[in-house]
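Below is a structure I'd like to ask you about.
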Amino acid sequence: MELHSSFSSSSSSSSPPAMSPESCCVKVAVNVRPLIGDELAQGCRECVSFSPVTPQVQMGTHSFTFDHVYGSKGSPSSLMFEECVAPLVDGLFHGYNATVLAYGQTGSGKTYAMGTAFKDGTNSGLIPQVMSAL
């Protein structure tokens, strides 16, 4: 699953507030879900590995660098929220639009990470955390 986020100014003034280029670009965070019970029972194994030093994912001999990488050991959504989404929420109050997009194949954990599938309230995904922050 990938989480994409971006800023855009919603003000119509001719000189928008100054922001560093780093805060204005699209950022990509990757969250790799852990293998589920059926996959483990079938003998599946993880096909990606993570760099402990840089936000990279390795697949075989290929490395892919992202802004944030969350491992398959169940990275808490609170960490994703603090690092990726909270700055966007803060930007809303400074006149910027923000988008968080969950993208991935069926079963990759998009609904789980965004937090719309929790019924018991024991875990809070990104959407409930944004609502609490607002």
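Using N, Cα and C of the backbone, Cβ positions are placed for all residues, glycine too.
The following feature annotations were taken from TrEMBL:
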REGION    1-20  region 'Disordered'
DOMAIN    25-134  domain 'Kinesin motor'
BINDING   Gly104, Gln105, Thr106, Gly107, Ser108, Gly109, Lys110, Thr111  ATP binding site
For the domain 'Kinesin motor' (25-134), what's the mean pLDDT in this predicted model?
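Reported value for the domain 'Kinesin motor' (25-134) is a mean pLDDT of 85.
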Including all protein chains displayed, how many Cβ atoms other than that of Thr111 (ATP binding site) lie within 10 Å of its Cβ?
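Around the Cβ of Thr111 (ATP binding site), 15 other Cβ atoms lie within 10 Å.
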Residue counts in helix (H, G, I), strand (E, B) and coil for the domain 'Kinesin motor' (25-134), per DSSP?
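The breakdown for the domain 'Kinesin motor' (25-134) reads 34 helix, 26 strand, 50 coil.
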Least buried of the binding-site residues Gln105, Thr106, going by other Cβ atoms within 10 Å?
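Across Gln105, Thr106, these binding-site residues, the one with fewest Cβ atoms within 10 Å is Thr106.
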What's the number of neighbouring CB atoms sitting within 10 A of the CB on Gly107 (ATP binding site)?
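So the number of other Cβ atoms within 10 Å of Gly107 (ATP binding site) is 12.
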